[in-house]
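Asker: Below: one structure in structure tokens.
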């Protein structure tokens with residue numbers, strides 16, 4: 001049982017969780033590439049993103065103060081929510097290192113926090129590989145923890161590759177005046193993921209514990225070509241062509257996962 005920290009005044013720690021979520025696809029022709037980007041634009045438009053972030057706010061136990069959202073031309077969307085912490089009971093103020101809920105189970109000062117999402121569809125003009133990136137930031141102050149939204153967000157997008165960063169900044173004082181630079185135990189972001197999510201992804205941690213900085217990279221283990229080709233069935237492809245497409249897609253995923261080009 002985690003011991004409750006008795007604070008002097010408000011909890012001034014800022015906890016920030018950042019996601020980069022990638023969906024990768026193969027669209028062979030120019031028409032298929034345009035259709036894929038149009039599909040992604042519709043699937044993750046500002047209205048849908050607003051609903052996802054509204055669910056995020058509910059999961060972390062906060063209230064929405066203001067919403068700003070925009071669909072962009074030719075592609076992309078963004079949503080920003082200003083949120084505030086409500087009164088939490090001891091049971092709700094939970095920073096325990098454990099997974100948060102899945103989707104089906106559910107920019108300010110001091111007690112004001114924010115959540116944002118921006119989308120970036122793009123495609124390669126020659127090799128047929130298209131990617132969709134969603135950047136999501138959840139920043140909270142006070143008792144509420146952004147770590148509980150991990151599972152929900154990963155399952156809300158077609159997440160082939162995910163990079164997650166969590167950091168705690170500032171300090172808060174206990175009743176004796178001692179400064180505390182983090183108010184909960186954590187040794188890995190992975191401990192906040194459900195077992196099925198952990199089993200589904202290859203993961204690497206790069207953590208700087210003394211700086212309260214945690215980083216996890218995730219790449220989907222299972223590869224089914226039918227889930228990656230757009231506008232055609234993988235079974236209708238020539239075996240050599242199918243293998244070539246799979247090689248290109250796997251290379252794209254590896255390059256994004258390791259943040260470097262593969263020669």
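Here the Cβ of each residue, glycine as well, is placed from N, Cα and C on the backbone.
Residues or ranges marked as active site, schiff-base intermediate with substrate in Swiss-Prot: 113. The feature active site, proton acceptor is assigned by Swiss-Prot to 118. Under the heading active site, proton donor, Swiss-Prot lists 141. Among the features that Swiss-Prot reports, pyruvic acid (Ser) is placed at 113.
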Asker: As a test of the contact definition, list every same-chain residue at least 6 positions from residue 118 (active site, proton acceptor) whose Cβ is closer than 8 Å to its Cβ.
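Answerer: The list for residue 118 (active site, proton acceptor) reads 76, 77, 78, 134, 135, given in order along the sequence.
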Asker: Quick check for the class: what is the C-alpha distance, in angstrom and rounded, between residue 113 (active site, schiff-base intermediate with substrate) and residue 141 (active site, proton donor)?
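Answerer: It is 6 Å, counting Cα to Cα.
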Asker: In terms of DSSP three-state secondary structure, what is the assignment for residue 118 (active site, proton acceptor)?
Answerer: strand
Asker: When a 10 Å sphere is centred on the Cβ of residue 113 (active site, schiff-base intermediate with substrate), how many other Cβ atoms does it contain?
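Answerer: Looking across every protein chain shown, the total is 27.
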